[in-house]
């Protein structure tokens, strides 16, 4: 499927995306999914998952403000998703900051997400390689992260998206790069987390590699547009939501290499 | 009381509104209540309710990101509110997605809120009728929801507000409709949840039917104004908060039929 | 150290600030810290604190949506911070609304924060004096709050910042006042909570008194700039984040008396 057609499919189908995400990102993620054209639902109670996850088009898991109760819900939701062939996306936010978080991230990865999205540091650490912390956008680190992404993708049968100044996505065989966006984006909180939620909406609308690629392109195109109007991180966030809505399927190709 | 006078009362009294709401809506709801002219307080610990709820002008309960601990706090707060004649508003968000959530919504409804606010699907399901999901804004569904609202209002001695492209409010005898707003509003998360919080502020300032009606009108008027300046859902949210502040009591009548 | 130089230091070092704050403020606080030039991290699980807090430049504790589990994490994080000489900032949000919250605030104060930030009502109540509630910005109340701040600062060896139309900061010996900002600011939720988070970033970059003073000045300068463009509380929030980024070290002096 041409990844550019996925945005058309997403807007036609308005898939319901079950998001278990962090407190910082919840509102932004819901607005990003709505602005792009799909339907988010933030639900985390174990009492609801068996009934709710199966009726969703996708599940997204983000470990940003992790705690034991939420980790349990995440694992339950993933198992239900797997049982019902609901694709799910893993965002292993800063999983290298504690042994506890590393453990939860590895447990989730072993449950085989359709897509993993992270920055270079997160993907390197997930593959068991060094490279945490600053400097992860240097040339060597980018190449190392791309290799780590290929390794992870092949080992777990998943698609891995590495986001940064230039995004990289692979299923272990196919690869693509996505350019654009703005240097302001790292100064706005929860955009990466929100991209994971949107990746769920795309994963509900088409194959995982195409879905990850289309999401990356949608963000880069909207980020470029928003930066043209933004005077700083506050106005960027406003224009970015507007631009997610304004982005048309035909715009996505320009970001993909 | 003329519902339009309630905005004057609200701004004079700046009532303190105790909000137990979902994680997605907390920030937006606080900003909506502040922008309109009242004072929000997000407090959910059972340890605090016995002292805090009685000093508030109203309590609002929203089950959006429900979990067992929060459901317990909600019920405790409602009982304290009832014991101290503090009016309270129920927002049974998507209560039809699980048996667990349905049960909590029915338990809360049985404690007799002053006002219930929901969309057509939620009100229909609360009255035990079908109609969940998409298409709830079709003509037949709107009429069915209005009938469900009357039934609920009479059965529970409450005011029921059904929000949608045209809002409907009834206490079982009186009815009113409210028009305006913008088609962008469903693309911004947590506006409905925030309206519930604002309905609490109005309920602290006057009788329940008038309070619900004034809140609906305030939102429709501000939504219409915001849409004139908005380029998408991001800028809509910004202009909407500005418009809630700019709305004057004399503006409300234009929205009410 | 000249407090104005702290902004330069903050942007050079981009300190990592461990924030345990309330649900309403999390997103805004993260955006404020990012917009100013530092790096926020919202982490609250007890499982992560022993590893994470020591690698941060500062810790900030805000009791806004308090509950028992979070209070336990706060105390654990503070003890770890103290053991590792990580400076920490206390924001005793509305601690006078319940005996429970008062107790937590006093327990935290006894652990000796580097800085306490609150409004006049909060600082008065923390010092055991009356003055809660409205009218706290009256002339007598301001003087009483300044005296309470001096008392607290001396008794606990801390810096106390009292925010309001004119901010006041003291370490028990030195004092300073900071002017500017906008009357719109109290109509935007979580700005005070976000200021506490930013105070952590400054405390990671220099001595506590200077850090508190520079943070107050940064907010007042940015608030003044934002008010020039804002049409209400929605647009104020947007322009305020932009202005936090645009504020230069040389701008801070104008706010300090």
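Glycine is treated like the rest: Cβ placed from N, Cα and C.
Fair warning: this is a prediction, and the values are worked out from it, not measured in the lab.
Residues or ranges marked as substrate binding site in TrEMBL: B:42, B:190. Within the same chain, the residues at least 6 positions away from residue B:42 (substrate binding site) whose Cβ sits under 8 Å from its Cβ are B:19, B:20, B:21, B:26, B:29, B:30, listed in sequence order.
Here residue B:117 (ATP binding site) comes close to B:89, B:90, B:91, B:160, B:161, B:163, B:192, B:195, B:196, B:199, B:212: these same-chain residues lie at least six apart in sequence, with C-beta atoms under 8 angstroms from its C-beta. Per TrEMBL, the feature ATP binding site maps to B:117, B:163.
Note: residue B:190 (substrate binding site) has non-local neighbours B:22, B:24, B:25, B:28, B:29, i.e. same-chain residues 6+ apart with C-beta under 8 A of its own C-beta.
Its Cβ placed at the centre, residue B:163 (ATP binding site) has 25 other Cβ atoms within 10 Å. Proximity to chain C (Cβ-Cβ under 8 A) holds for B:42 out of the binding-site residues B:42, B:163, B:190. Proximity to chain A, taken as a Cβ less than 8 Å from one of its Cβ atoms, holds for none of the binding-site residues B:42, B:117, B:163.
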